[in-house]
There are 2 protein chains.
Amino acid sequence: MGEEHRDTRQHDRDRIAHRREDNDCSVYIGKRPTMNYVMAAMVILNKNEDCTIKARGRAISHAVDVAEILINKFYPSAFYKDIKISTEHLQNDDHKVSNVSSMEIVLGPRKPQEPEQN
Amino acid sequence: MGEEHRDTRQHDRDRIAHRREDNDCSVYIGKRPTMNYVMAAMVILNKNEDCTIKARGRAISHAVDVAEILINKFYPSAFYKDIKISTEHLQNDDHKVSNVSSMEIVLGPRKPQEPEQN
């Protein structure tokens, strides 16, 4: 019984570690205050890594707010590396499939040096 | 009085014509049903012109829905030419400035021919 319990906890830890590794550079937008997500994204950008802001459905406009606040106020050196929109097919509890729009905004920490223009 | 009235109407017509000319290829997303905007975008794409879907604030997620429904269901040859997000500074009646996120999705009517891959 004790052994089994320890196994489960180990399994949980592995699972969480695995998930963290996967999504280390992503921020998933939900219903928390905007500044929480802005801070989370700044932590990633400060490591000099690209940060991906992901959102689904109604949270998409919230994701755009987060990215704009970040670039205009807190991290002016960041830039939009890529913006992707797509549809995800989610199965709910009744085994019905519903289509939900999703968005990924990839932010780079430093703008690439532009060639001088005259 | 009659003269003045005619002037006003002429002015209105000019203004509307001017606005139409500017925004002929844009669809502004508001609170109407999604399919209205899908149809409006299809009319523009059918003329073989690029269509720009524009939205502000909470309507941004609605704009993404419109674009995804259009590409996945009604106009599969269309493609994302460009996606831009920015902040607009709007002045309300109290002369206070509020920042609102905005989005522009540019759709092209036909995917460019890709070189064959082996």
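In case you wondered, yes, glycine gets a Cβ from its N, Cα and C as well.
TrEMBL does not curate its annotations; it predicts them automatically.
Pulled from TrEMBL:
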type: DOMAIN; residues: B:27-86; note: domain 'DNA/RNA-binding protein Alba-like'
type: MOD_RES; residues: B:Lys31; note: N6-acetyllysine
type: REGION; residues: B:1-22; note: region 'Disordered'
type: REGION; residues: B:91-118; note: region 'Disordered'
Around the Cβ of the residue listed as 'N6-acetyllysine', how many other Cβ atoms lie within 10 Å? Please give the count over every shown protein chain. 7
For the domain 'DNA/RNA-binding protein Alba-like' (B:27-86), what is the mean per-residue pLDDT, to the nearest integer? 95
DSSP assigns the residues of the domain 'DNA/RNA-binding protein Alba-like' (B:27-86) as 29 helix, 16 strand, 15 coil
